[in-house]
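Here is the structure we will look at, set down as structure tokens.
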Amino acid sequence: MPPPPFVQVEQVSMRYGGLEGTLALQAADLAVARGEFVAVVGPSGCGKSTLMRLVTGLWPATAGRVTVDGRPVSGPVAIAGMAFQNPTLLPWRSILDNVMLPLEVVEPHRRQLRRERARYEAEARELLAQVGLAGFEQKYPWQLSGGMQQRASLCRALIHRPALLMLDEPFGALDIFTREDLWAVLQEVWMARRPTVILVTHDLREAAYLADRVLVMSARPGRIIAEREVGFQRPRRLEDTYAPEFQALVHELRDHIAAAREEGPDAARREAADVR
Amino acid sequence: MSADPALARARRRRRVEAALPWLVTLAAFLLWEGGVRILGVAEFILPAPSAVALSIQKWWWPILENAGQTLFTTVLGFLLAVAFGLALGVAIGSSTLLYRGLYPLLIAFNSVPKVAVVPVLVIWFGIGTWPAVITAFLISFFPIVVNVATGIATVEPELKDVLRALGAKQTDIIRKVGLPRAMPYFFASLKVAITTAFVGSIIAETVAANAGIGHLMIVASSRFDVPLVFAGLVVTGVMGVLMYAVAAAIERRTTGWAMRGQDGTGLAVGG
Ligand SMILES: Nc1ncnc2c1ncn2[C@@H]1O[C@H](COP(=O)(O)OP(=O)(O)OP(=O)(O)O)[C@@H](O)[C@H]1O
Ligand SMILES: [Mg+2]
């Protein structure tokens, strides 16, 4: 028997704001194995961020079942590292203190932090160096560029070695070069620690480069309409993304999304019918 | 040294900015003095600043004594307001239920003129220090509550999500994010609150005290010693500005991050 999925989403629907509200997800199904790297792509506004909130238990689903690590999710899962499209750093903390924030919250680090501060701090510095922020530890977020803040925010998501890493377009606001650098860093960290990763992205090259499996969502109300294994060998290199097989995969994904967007008006009508 | 004219200009500009409040105050006093002299206004209607200064010189000990009393009641009431306002602000800002339940009551309470409350306080506490302390407290806690609550309630949802997904408890979120974020709001409100606290204690002193600047002014006016009344006003104004400056200095030291260090003075101390 195969091991049960680490993250399982079964027939989950989500409607914001009461009966007449926006139906963001409808009967979505999703299963992610432990240690798997999954990318979720789909048209804008289709419910990707919503899916992330439901998996981490930040919001309760309107219908359906979410389980993480075998347990039904009824509140925040308390094991997830998160990063969003905007960096959401705390302006009154230095970059180093921002990165170390999860250690002040998550057990067992929380208990050990005072005693083993030096070790934790070294880890944080190393992580910052990995994303090219060595020398900026004592700066404040507003003294860094947007892209640098975003990199610090990624470090904050990683510092406590979460079993579940939820990344919601973390590279969306970055220039292409920084983005590609960070893909490499993320792949490296993932290969070293093997967390379960769910990455939302608009960048199909990014999805294909990083993920073991790419899931395509329909237009709102969202559900998974296609999935594609990505078999390329790891560690993947940037050059690989220009190989014909890789390009073919990206095109295939693009076609799926184009189809999903076409289907959009239909989906809206479905929803209207559903309200009645 | 003065090689860079832009730098020199900036320095001169900064010096002018620092001197400006003094210059404006001085000009206002001169205008007042001149106006009173030219128009020949009677001293018992509007005394000239020179007459007020003479009065201060003549009555300096009673003024100092009474100013001390007013400062004491004001600061005590203000400190109570800070403690209570901070606690209530945190509670209201972090719980929608409390916000919904208490906010209308707070608004209603704040709309009651505090002069109307003083007689009640006299019935409860008698004439003396307490009515002034409590009036100062009542009048100054509202801005603190509202500001702290706003600071905490408007924490970015994504930031809360980051912490909640880590398993942070509500108290963690308030301690690590809510409170530090509310600090600029809090200190902004302190600057308002300390000046209104003076209003509160002086109102109470004019009605229900036998000491304090308010009491001094009432006594002076009953003797038609108008220069002394104005002396009381001036002394109150000076105390208000001094306390404001203290609050502003604390604000600059603790929440420099909120100013983003634009003027180079605001390097924050981490929290
Ligand atoms: N807090 C909210 N309250 C009400 N409606 C919401 C809320 N958050 C999202 N929605 C609605 O749910 C739908 C899906 O939103 P969601 O943020 O999940 O989309 P998304 O796929 O992440 O979009 P994007 O790719 O642009 O980030 C949208 O139509 C949006 O209007
Ligand atoms: Mg989104």
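Each residue, glycine too, has its Cβ placed from N, Cα and C.
Just so you know, TrEMBL annotations never went through curation; they're auto-generated.
Residues or ranges marked as domain 'ABC transmembrane type-1' in TrEMBL: B:67-247.
Annotation source TrEMBL lists transmembrane segment at B:20-40 (among others). Proximity of distant same-chain residues to the transmembrane segment (B:20-40), defined by a Cβ-Cβ separation under 8 Å and at least 6 residues beyond the stretch ends, is recorded for 46-50.
Within the same chain, residues 99, 102-103, 129, 132-138, 140-153, 174, 178-179, 182, 186, 189-190, 193-194, 197-198, 200-201, 204-205, 212, 239, 243 sit at least 6 positions outside the transmembrane segment (B:71-93) and bring their C-beta atoms closer than 8 Å to a C-beta of that stretch. The transmembrane segment annotation in TrEMBL covers B:71-93 (among others).
The transmembrane segment annotation in TrEMBL covers B:105-127 (among others). Residues of the same chain lying 6 or more positions beyond the ends of the transmembrane segment (B:105-127) and with a Cβ under 8 Å from any Cβ of it are 134-135, 138-139, 142, 145-146, 200, 203-204, 207-210.
Feature annotation from TrEMBL assigns transmembrane segment to B:133-155 (among others).
The transmembrane segment annotation in TrEMBL covers B:185-208 (among others). Counting residues 6+ beyond its ends, the transmembrane segment (B:185-208) has Cβ neighbours under 8 Å at 70, 73-75, 77-78, 81-82, 85-86, 89, 114-115, 118-119, 121-122, 127-128, 131-141, 143-144, 146-148, 150-151, 214-215, 217-218, 236, 239-240, 243-244, 246-248, 250-251, 254-255 in the same chain.
According to TrEMBL, the transmembrane segment annotation covers B:228-250 (among others).
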